[in-house]
Structures are given as structure tokens and as C-alpha cells.
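These notes concern the structure reproduced below.
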Amino acid sequence: MNKHATLFTIHRFLAAHIPESTEHKSTKIYVACFFSTIKSSLHKNLILKIRSSQKMSIPALLVLADGSVFHGTSVGYNGNTSGEVVFNTAMTGYQEILTDTSYTKQIVTLTYPHIGNTGANREDVESDKIRAAGLIIRDLPLLHSNFRAEESLQEYLVRNETVAIADIDTRRLTRILRDKGAQAGAILTGDNATVEQAQKLIAEFGSMVGKDLAKEVTCSMPYEWKEGEWALGEGFRQPETPLHVAVYDFGVKTNILRMLAQRGCRLTVFPAQTPAAYVLASNPDGVFLSNGPGDPEPCDYAINAIREILATKKPVFGICLGHQLLGLASGAKTSKMPFGHHGANHPVQELARGRVMITSQNHGFQVDENTLPENVRVTHRSLFDGTVQGIELTNQSAFSFQGHPEASPGPHDVGYLFDKFVANIKAIKG
């Protein structure tokens, strides 16, 4: 029997045998306080032992472009990093967020205070490694617990060489980003980290505007994908895939591929800079434009390819960066948002039916509604700020959504868009 169990047994015995009379009330209170103090002391010693074993004493420094400085503790890889600092309001799914390629060159602040409770595993990933430039959290739990966990979040961060900082006021940081907008920042770890070093890294990073990151994160060669969605006790399923869909990889999340495969699509994934003629030569039934990081406007190669594909009248579906690229290919313009949309609880309205859905979002650019041509209509709108969340070409089967219908993490309210894409393919294919 361990110390905690022994104390609990003694406490329960004494509490049961002290009479309920008034004169013994103070004795009961004393016994309760006494054992509470002992248990608190044991718990404190346990915490100290865990902190010592996890070596969480390395200082870390976070500096923003506006001059804001935060002092905290390193909970990841010991090194330096810089990027655009953004905040995400999701309460779960930190592993999926970290591995989402759309977060390339971004340092993610998670507003939920306790991050790391469920550890990390090999299945809950959206790409082959952590893509975020860094992680900012309020508190890293001392213990993680989940039947699927293979390692702690801290071990996962270190193994992926990802710099992270904890023990800072993330509420204050979020208010700064909300009021002043997403901005460049840097995290430095170690006793010798200085604000001057951080400011130099921030100056070197610059801004996300004008950064073509899709060609940096895309696959190097085409590949096939047939793996379906994950199910408890089954793992990743292997559905029948009678339809053929070409996927432009601008930084595609694996759960997008799984959602398409689960609906009967055999996928051929192409690098971002693949010419349209090469993609069309594979004779796809439809073309999917994936999510991805960075500014869409510099992606001329993708915009031109999409225009060629639209000319064939093949069904097209775009998500996130793919949504923005479809807008640009159709003649619209895009712009940088003040702090973007990053979270798993964003309300979006489908305009045709008036239906409101809770969605997962992760983007810093938007399609400018005032620049949409006559043959493009808005299908979805954000109820947070009124920005465009979905568009559709009125003269052919091509549509897109700014958020993430595949979620991971987040709700599945908008998953029907995958069904719509498949239905469009079947209608044209006959």
C-alpha cells in the first residue's frame, strides 16, 4: 500500500470513529486539516520530483515585433525560432495543430491554459512532422494520461526539434495580438538569451505578406492515397475507391485525404508546381485544391494551373489556401487579415439555407468580396467578422470553403462539402 492509500485509510477510520456530537466537531476539523496538510506535502514533493526529472528549469524568452517581452520556461527543444505569432482558441487537438502544414513559419499560441494532458502518439498527425515554427502555452501538465499516448508533449516537441515556451500570461499575449494584429516574434531559450538577439531574428523574418510557402512544403513527387478515416479499434480503414481525384498539394492535411478516400476517391497527389496538362493527363474525375501556408498571391503557378483546369469544366473543390487560389483564378483578389481565424469554434452561416455551423478555421488571408466577378457568388459567411467563407462559380461545378470541413481538430458540421464534391463528380461522370 502506498503512502496516499495508507493516509486515506487512517483518515477514513478516524473520521468514522469520532462521535458526531458538538464537542467532537473541532476534533473532526483538526483531523481533516491534519491529513489534508500531509497529503498536500506529499503531492508537492511528487511535483518537485517530476519537475526535476523533466528538467523544466531552462529559461525562455518571447519577444514580439511591437516590443512586448515575456519571460517563461522552455518546454521544448533548446534553441531559437522566429515566425508570425498567432493564437488558436481550440481546447483540444494540439498535436494536429502542430503538424498542420498551414502553420509553417508561424508560432502558435494556444489560449486554453492546460496543454499536453493527453500526450502524443503516431496517429494524430496531419503531416510527417511538426510544421509550426514554435509553440506558446500557459501551462504544461506534469503528467499526461491517455490510453493512446506514446510520449509526453514535451518529449514530442524535443524529438521534433520544436522550440516552445510555457509559464507566460497567454491572456495578455492574446489581447495584444487581438488589438494589434498577428505580428512577427521570436522565442529564445537559455540563460544567455537577450531581447536584442530576438529583435534581430524578428527583423530577419519580416512579414507573411508576399511569402510563397506552398512550393516549400509540397511533396516532391506524385503519390497515390487510398487510406480512409480512423475508427476506434479498427485504425485507418481501407474503403473502396471507384472515383479518381487529382489533389494539388499546397500543404495538404492527411485527414483531408482520408475524408476524400472514405467517400470513394482514389487520390493522386501532385506537387504544387505541377502543370495543369500533366495533372489532366492522369484523367481525373475531379480536382481538389488543398490547404497550405503563406500568401496566395505569389502562387502564379497554381493560379494559372487552376484557370486551365476550370476551362475543362471538371469538378473542382478547394479548402483554405485552395479556396483563396480558386478566388484568384476566377478574377478576385485576396488580402491579409488583422489576426486571422484560428480555432475550432467559429460560427459560419450557409447563406442558401440560413444554416449556422460551428467550424474549424486556420487562415490569415481572405478572399475580398468586393472584387468577386459576376460568375462567382458567396455561399458561406463568417458570423464573427462577416468575411467570405465560401464561394461557388455559377456557370460550372467549382466551389471552395475557407475553413476546414475535415476538422482535425474541430467539429464536423461542414463535412457535407466533401459529399457535395463527390456528388458533383458523379453527376458529371454519369
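Glycine residues also receive a Cβ, built from the backbone N, Cα and C atoms like all the rest.
Annotated L-glutamine binding in TrEMBL involves Gly292, Gly294, Leu321, Gln324, Asn362, Gly364, Phe365 plus, out of the candidates Ser82, Ser102, Ser127, Ser145, the residue Ser102.
Gly294 (L-glutamine binding site) falls outside any helix or strand according to DSSP and counts as coil. Across the domain 'Carbamoyl-phosphate synthase small subunit N-terminal' (58-188), DSSP helix (H, G, I), strand (E, B) and coil residues number 27 helix, 44 strand, 60 coil.
Neighbours of the L-glutamine site: apart from Ser102, Gly292, Gly294, Leu321, Gln324, Asn362, Gly364, Phe365, residues of the same chain with C-beta atoms within 8 angstroms of the site's C-beta centroid are Gly251, Asn291, Pro293, Asp295, Pro296, Cys320, His363. For Gln324 (L-glutamine binding site), the same-chain residues lying six or more positions away in sequence with a CB closer than 8 A to its CB are Pro296, Gly318, Thr334, His363, Phe365, Gln366, Val367, Gln402.
Counting other C-beta atoms within 10 Å of each candidate's C-beta, the binding-site residues Gly292, Gly294 are led by Gly292.
Of all the Cβ atoms in the protein chains shown, 26 others lie within 10 Å of the Cβ of Glu406 (active site).
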